[in-house]
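Below: the structure, in structure tokens.
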Amino acid sequence: MSLAFTDTETFTPDTKTKDNTPLYSQLTSSNVSHVSYHYNPEVSNYHYGPHHPMKPFRLLLTDHLVSAYKLHEVMDLYQTTPASKEQMMKFHSPEYIEFLQKVSPDTVNRATASREFNIGDDCPIFDGLYQYGSMYSGSSLDATSKLISGISDISINWSGGLHHAKKYGPSGFCYINDIVLSILELLKYYPRVLYIDIDLHHGDGVQEAFYTTDRVMTCSFHKYNGTFFPATGNFNEVGIGRGKNFAVNVPLRDGIEDENYVKLFKSIMEPIISSFQPSVIVQQCGADSLGCDRLGCFNLNIKAHGACVKYIQSFGLPMLVLGGGGYTPRNVSRLWCHETAVLNNVELPNGKLPDTLPYKSFFGPDFSMHPNLGDRIENRNTKKYLESVRIRILEQVRFLNGAPSVRMDEAPTTYAKLTEDEEAELKELNEEYEREKKKIKDEARNGEQYC
Ligand SMILES: [Zn+2]
């Protein structure tokens, strides 16, 4: 409860009382979750390069905002340690991890690195790259272990959520796929994992890793037009083998706005959760789906994005909450601070940001928590189109026929055993993807808009 003092009250607070007054107010709810926050400040010190849109500094801004609102008081805080080489090799190939460990900007052979490991403008070699990847992955694994042990109901790592990274190399600013590493751990203890991705871009790395299993359902909402990075994520990618229908893709056009996004999100997630009956949920909360993102093209405001997170929380299942994309640092940090409050069931005051906030000048000219980020991009999602998306996905969900049963004595692997036909189909899909990727590499970002 927040304390509000007026002139008419007989009790006048002294400075100390005022300083200790919470800046958030507790919302009443029967559903009280134990929330933990996993962060290592070092992760924000790395630089992809001066012109690169990914700025790890956004994580420091987020942490400052969370602290300025005193949200650290309502959660368990953990300073995390880096993931080990062995932990990262649970998904990534040893050759790739060893390459990351050895390479530096001075020693890199650019031609070889580009050919063998997809190193280039999007995924450059920078100082401390291996430490950076192990740092954010270590935070996700720490958050995962707190869920597994039952210490936390919800664990948050805003430095994680790097959903594009592949087994053999980086992709789309992502080097280590902390999400896949976390899900692999969760599969040791939980029968079914639901992965939800509300980043602007398709969660291709996670989808690919679990494309053949019915124990992980992946569901990604993203912009899709066939060329926009990573150029995957159309309806027809539904999984193969035992994983058929356990990959859901919601392809959206430019400019979707709050009401329709939240409505569509809820109308798709409700039947998926009822039908799949996940035992744990991993939500990737990429902030590039906000309006005004440097690489974005949607019109979402912070409250709408947060409403999706709140909706998933309302099912009362254990949740791992991760960051992801987001290229306008001030809005990334606003969003993730707002979502930290949402997950803790507290409300932040409307109005100006706290005076104690470091780097407050970054948040001008409005210095508020909720600037209007909508209406900048023409909305190309007609009601008819969105309805067709909804119907098509509900039809896919109907094929699930309830939750699959799981033999928990089976050791989890990223790839379930495939028949020869399925192997051939997966190989063909991968080859087609690689061909497509080469073809569109230069034009892949044509759909991006800057504001
Ligand atoms: Zn993204």
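Each Cβ is built from the backbone N, Cα and C atoms, and glycine gets one as well.
Model, not experiment: these values are computed from the prediction.
The substrate binding site annotation in TrEMBL covers Asp122, Gly172, Tyr327. Residues or ranges marked as active site, proton acceptor by TrEMBL: His164. The divalent metal cation binding site annotation in TrEMBL covers Asp199, His201, Asp288. The coiled coil annotation in TrEMBL covers 416-450.
Under DSSP, Asp288 (divalent metal cation binding site) is assigned to a helix (H, G or I) in the three-state scheme. A C-beta separation below 8 Å, combined with a sequence spacing of at least six in one chain, links the residue listed as 'active site, proton acceptor' to Pro170, Ser171, Gly172, Phe173, Cys174, Asn177, His201, Gly203, Asp204, Gly205, Pro230. Sequence-ordered, the extra residues of this chain that approach the divalent metal cation site, with Cβ no more than 8 Å from the Cβ center of Asp199, His201, Asp288, are Leu200, His222, Gly286, Ser289, Leu295, Gly296, Gly324, Gly325, Gly326. Spacing of Asp288 (divalent metal cation binding site) relative to Tyr327 (substrate binding site) is 6 Å (Cα to Cα, whole number). Apart from the site residues Asp122, Gly172, Tyr327, the chain places the Cβ of Pro53, Met54, His164, Phe173, Phe229, Leu295, Gly325 no farther than 8 Å from the centroid of the site's Cβ atoms, the recorded substrate location. Shown are the binding-site residues Asp122, Asp199; the one with the most C-beta atoms within 10 angstroms of its own C-beta is Asp199.
Listed in sequence order, the recorded positions among His164, Gly172, Asp199, Asp288 whose CB lies under 6 angstroms from an atom of ligand 1 come out as Asp199, Asp288. Straight-line distance linking the Cα atoms of Asp199 (divalent metal cation binding site) and Tyr327 (substrate binding site), rounded to a whole number, equals 12 Å.
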